[in-house]
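Participant: Before I ask anything, let me first share the structure, which is written out below as C-alpha cells.
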Amino acid sequence: MTDLVPVYYAFAGVVAALLFYKWQSDPLRAIPTIGPSAPLLSYLGAIRFFKDASGVLQEGYDKYNVFKVAMIDRWAVVVSGAKMNEELRSIPDDQMSFMDAADELVQTKYTIAPDVLIHPIHITVIKEQLTRNLAPLFHEVVKEVEAAMQELIPAKGDDWIEIDGYSTVTQIITRASSRVFVGFPLCQNAEYLRIATTYSAEVMKGAMIMSVLPDFLKHIVGPLLPWSRRALRRAAPFLLPIITERRRLLKEYGRDWEDKPNDLLMWIIEEARRVGREDSTDLMVQGIMASNFTAIHTSSLTFTHALYHLAANPEYIQSLREEIEEVIRTDGWTKVSMGSMWKLDSFLKESHRVNGISGISVMRLALKDVTFSDGTFIPAGTFVAAAATSTHHDEENYSDATVFKPFRFSDMRASESEKNKHHYVSTSAEYIGFGHGKHACPGRFFAANELKIMLASIVLNYDVKFEDEGKRPANVWFATTVLPAPGAKVMFRKRQT
C-alpha cells in the first residue's frame, strides 16, 4: 500500500496542475470577483452568495462597473449602474439571449414541460390578446377579487382579525388570475386552485435542485424530477373537458359564436390552431400552467411586499382612499379610470423599487463572445445580469433611495413634462424591476392591473395594520430572491371611517 503513496501524490499534483491551468486560462478571470476565485475555493464564494446575495451584490456594485460572483453551477457576471444596464439590454438577441438566460436560471428543460418550451404559444397570447383585453375583463377581475376577499378576509364590525399575509395574497391572486385564464366556475374550484398555486413552488423546487448539480448529473437527475409533471397530470382532468368542448364549438361555428369565452384558455386554443398544433391538447394544458407559473408566484410576492408597507404605514390609507373615491365618483370604476389613480400606481411602483422580488434583472446568456464598451470581455456561454436592488437603492438614481416614499412617483408626475412618465409598468435603466427594453415582462400590464384592483379593494373596504404597529417585518433573501417575511401576520378590520 505504501508503494502507492507516490502515485497518489503524483495524481493529486496532476489534478492540481490541471485546475490551475484552467483557472489561469479562463477568460472570465480578468473580471473582478467578489469572494475567492481560485479553483475549489470559489465554492466558498458560492455558499456566501447563496446566504448573502444582497451583501455580495452591493459590494460588487459599489466597487466595479462589471464584476462576477460564484454560483454553485456557474459564474454569473453582473453589471452595475444605469449606463451598464442600458448597454446590457441593448445588445442584440443573436449575441445575448433573454430566453436562454431564463431557461438556464429555471432549468426549464427539466422543470417545465418540453413541448411548451419549443412552442411557447402562451407568451404570444399574453403579449397580444391578454394585454388588449384588460379593459373588457376589468370587472371580471374586480368581482373575483371582491369575492375572494370576502371569503379570505372575513372581518366584521369593529373587530380586528389576523391573517397570514403571503398565503392569503397568493390565494386571492390565484383566483383573480384564474378568472382571466380559465374563466368561471373553474376559477373557484378549490382543488384546481391548489394545483395552480403549488405548480410554481414545484417548478422552483426542481430549479433549486438542478442549480446545485454539476452538468453531467443534470442529464441524469433532471428527467427524474417528479413535481411539475405530477402537477400537469393533476391539472389535465380539469382543463381537458373544457378544451375539448371549446374545440368542438370552434370547429362547428368558426371564430365567433354566442357566449364565446373571452379568456386565456380560449386564446391559447386559437393560437395552437393558428400554428398548426390544434390537436395538441397537452400543449394547451402546459400553456395554462406555464402562465400560472409566471403570474401567481411573482405577483404574490410583489403584492405582499406592498401589503406589508400598507400595514406598517396605515397613515397613507386616507390619501389613497380620497384619490380612489374621487376618481370613481367622477369617472366610474373602470380600467381607464384607474389610470387616473396616480397615488395608487405610485405606491405599488415604490414598493417594487424598494423591495423587488429579485436582486438581479435584465438577465442574458451570451450566445457569442461580446465586449462591453469599457473593454470587459464576455465569452459565449456566460450568464450576465444587472444588479436590480442596488440600482434601485442608488442615490444617483433616487434621493433617499433606501426610504419607502409611497408617493415618490406620483409627485414626480406632477410636473407637466413628467406626467406621462413614471407609470408602474414603465421601465428604464434606473428602474428594472420588470426588466428593461423589449424583453421586459410581457405580463406586467395584466399584473399591474390586478395588483391595483387588489390594493384599491383593500383600501376601500378595510383598515390594516401590524400588531407591532409601524414596524414592517424584514425581507428575507433566498439566494437572489427577495421574500416578504414568511409567516408574517397582518391585522384587518372593516373600514371604520
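Glycine is no exception: its Cβ is also placed from the backbone N, Cα and C atoms.
Swiss-Prot lists these features:
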type	residues	note
BINDING	C441	heme binding site
CARBOHYD	N292	N-linked glycosylation site
CARBOHYD	N397	N-linked glycosylation site
TRANSMEM	1-21	transmembrane segment
Participant: Cα-Cα separation of N292 (N-linked glycosylation site) and N397 (N-linked glycosylation site), in Å?
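Facilitator: Distance (Cα to Cα, whole Å): 33 Å.
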Participant: Would you mind listing, in sequence order, the residues at least six apart from C441 (heme binding site) in the same chain with a Cβ closer than 8 Å to its Cβ?
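Facilitator: Residues satisfying the criterion: T298, F434, G435, A447.
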Participant: Highest Cβ count within 10 Å among the glycosylation sites N292, N397: which residue is it?
Facilitator: N292
Participant: For N292 (N-linked glycosylation site), what is the secondary structure by DSSP, using just helix, strand and coil?
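Facilitator: Assignment for N292 (N-linked glycosylation site) reads helix.
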Participant: Under DSSP, is N397 (N-linked glycosylation site) part of a helix or a strand, or is it coil?
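Facilitator: SS state of N397 (N-linked glycosylation site) = coil.
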